[in-house]
């Protein structure tokens, strides 16, 4: 899609989002909720495009056609005040030209990974030395001492070997140390892993720099994996959730200080409203409705539609986390939306589908003849297990079910992260790189000792990190795919990509003026990407059946 040729005044759909709405409880969809130095959509390899703003290269986007890539930057005059100095070199983005390798071969799509190790400072050699020289066969290890972790006795480990590992570890930065520890865990080298974990313990902090905070949670994931207790740790975290009011408060903190959730519902609302502009009866199926606040904005927009508002019916699919955050079932969402619709004069009906996406069947959705259908997937499909987990393949089953409903438009927002079928080490690096960017973006908005921020990261992000690192099989519910793979999956299900109108990007550009100028927007292959500096974090796209009319027609 070609970029709009110049700045536009807020108008039409996106004008709605500049209106204060005090009665709207803020919407949040958990980011299940990583330093690849490029926006990689996982599509066929090809042209590499350099993105520049104010004559500076910020990042490159592998596989993006140069003739089909539009870049949007936040207003450089807009900044977020902070009482801290800029990020230390330890937290800076990795060299974008680091060696990469493909760990998944899906539809010939290369997936890039950064090792995070810079050849120029010799640390990569030291890591190789750690792996090749220090980790000698067990027959080379004397029995003078042993190390333990949480009461679990490790392999015998000599003081000399221990000191050698400590010497190398002392010269590694935090990211390199985490990767070295993950490699030891992956190789079942408990002795080395324990020594490195002891070093990490002294260098991580939930109130420190972004990398220190993220490392604290990644370390917990590594410990759980080493002790083969990943699933138990994850389930324990879920059982010890804060009260509903506390969790909602933590979610709202993330909603306000980051744009990722607004990106999801604003882009989807523009897509749906444009597709439905001539329809008199609209049915929206939201597969993760959460608080339902996304649709309050849409109701206000529909109320001002020329010729009068249409009839609107919303089916809300629920999950246990959303119900816990709300402090009640979906009837609370229905009551809130019905009240807003009544005050706006919009004919409205709400259908409660209180079950997870894996359990949804045709009869749960109550599709009616004569209604124009829109389907919303906000940060949700990556929780559906696919063929790599179960023969049921709920991910593709749900897409085929949606296709059978003949929707006019499908809105998809997902994290740009490649963790679904990746082996442990590539998945660890991807998790590290992705969340490093996310923690950096949070860091510019709140003091590092701010307890609301600490609790928000702990309860809304750390659980996902632990699940990605410590769990396998059906217990690992965080299974993200990059846009190129979602594209292939939806094409195979019978959908075609629907080009986004310029107003979608313009809406997000207006929204991003409230945030740091380090946020980036880019378009490619019909998808809109949002990222922090040189790392893509989420994509928004629209899909339709071949017989559907394009948006804006």
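Quick reminder: no glycine exception, Cβ is built from N, Cα and C everywhere.
Look at TrEMBL and you will find 82-117 tagged as region 'Disordered'.
For 282-286, the entry in TrEMBL reads motif 'VHIID'. Regional average pLDDT for the motif 'VHIID' (282-286) in the model is 98.
The region 'Leucine repeat II (LRII)' annotation in TrEMBL covers 332-364. Cβ atoms under 8 Å from those of the region 'Leucine repeat II (LRII)' (332-364) belong to residues 23, 25, 287-289, 291-292, 295-296, 299-300, 302-303, 309-320, 323, 326, 380-381, 383-385, 392, 394, 398, 401, 404-405 of the same chain, restricted to positions at least 6 beyond its ends.
Taken from TrEMBL, the feature region 'SAW' applies to 470-544.
Through the fold, the motif 'VHIID' (282-286) approaches residues 272, 276, 292, 294-295, 302, 310-317, 365, 367-368, 371-376, 378, 402, 405, 407 of its own chain, all at least 6 residues removed from its boundaries and within a Cβ separation under 8 Å. Each residue of the motif 'VHIID' (282-286) gets a DSSP state, and the totals for helix, strand and coil are 0 helix, 5 strand, 0 coil.
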